[in-house]
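Working notes, beginning with the structure itself.
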């Protein structure tokens, strides 16, 4: 399943294709969205925002297209007028003079006014996105210590989009290894030093993954690039202490960690 960094990179590719360009065509599969097609002609996409696995496509006339990929939804960028051969069902097409972005297979799609955006049920439930560069470690620390989250085990908390949007299983695993914490620990049990380390890692590791995952550094400065330290590395030596990385199941998802140095 894609996590926040992958979803943000997908949004970047959509923005690169059509942001700031007048729309020449808009098409929606769902009848309740048909009335918006003509009003979008000539409008521009001003921003594509991510909130966890939801995308918010903001238009210049202040409406916002909300879409959630759920399990099967996928966006694609094509040349204007191109209609790819695929078994997927087209839901949305937004086209400019040279490019188009297509949404396939998703079913959770709405057009929202600014007022509706503030009261949308999913957007009200979901926490701040870890790839929102305005979010600070101090704000994350405050969320960790809030009554709602302070006594939750990290195994479940770091998968809960109400805590922080954009985290998923590989990020959960890598963040907890980076700060040397066991999945059963809770924020209420941590020292100030541990809380500070975790608060920073909850932002730094997703952002490092977003910026560098899959990037090859010719100078071999691997410490500056994201790579898996424990995810899918069961049976191998822990890079920090030499212990053997183990795989288990926590919150119904595979978990990887070092039983020696994660306490």
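Even glycines carry a Cβ here, placed using N, Cα and C.
Features reported for this protein in Swiss-Prot:
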ACT_SITE  2  active site, schiff-base intermediate with DNA
ACT_SITE  3  active site, proton donor
ACT_SITE  53  active site, proton donor
BINDING   70, 125, 169  DNA binding site
ZN_FING   229-263  zinc finger
ACT_SITE  253  active site, proton donor
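Where Swiss-Prot records a feature, it is marked here on the structure.
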residue : record                                         : Cβ contacts under 8 Å, 6 or more apart
2       : active site, schiff-base intermediate with DNA : 10, 53, 168
3       : active site, proton donor                      : 166, 167, 168, 169, 170, 171, 206, 209
70      : DNA binding site                               : 53, 106, 107, 108
125     : DNA binding site                               : 161, 162
253     : active site, proton donor                      : 159, 169, 172
So if I exclude everything within five residues of the ends of the zinc finger (229-263), which remaining residues of that chain have a CB under 8 angstroms from its CBs? That is, six or more out.
155-156, 159, 169-170, 172-174, 176-178, 180-183, 185
State, in Å as a whole number, the widest CA to CA span among the DNA-binding residues 70, 125, 169 given in the record.
20
List the helix, strand and coil residue totals of the zinc finger (229-263) as derived from DSSP.
0 helix, 12 strand, 23 coil
I'd like to know the mean pLDDT over the zinc finger (229-263).
96
Using a 10 Å cut-off, grab the number of neighbouring Cβ atoms around the Cβ of residue 53 (active site, proton donor), all chains included.
24
For residue 169 (DNA binding site), just count the other CB atoms lying within 10 A of its CB, please.
18
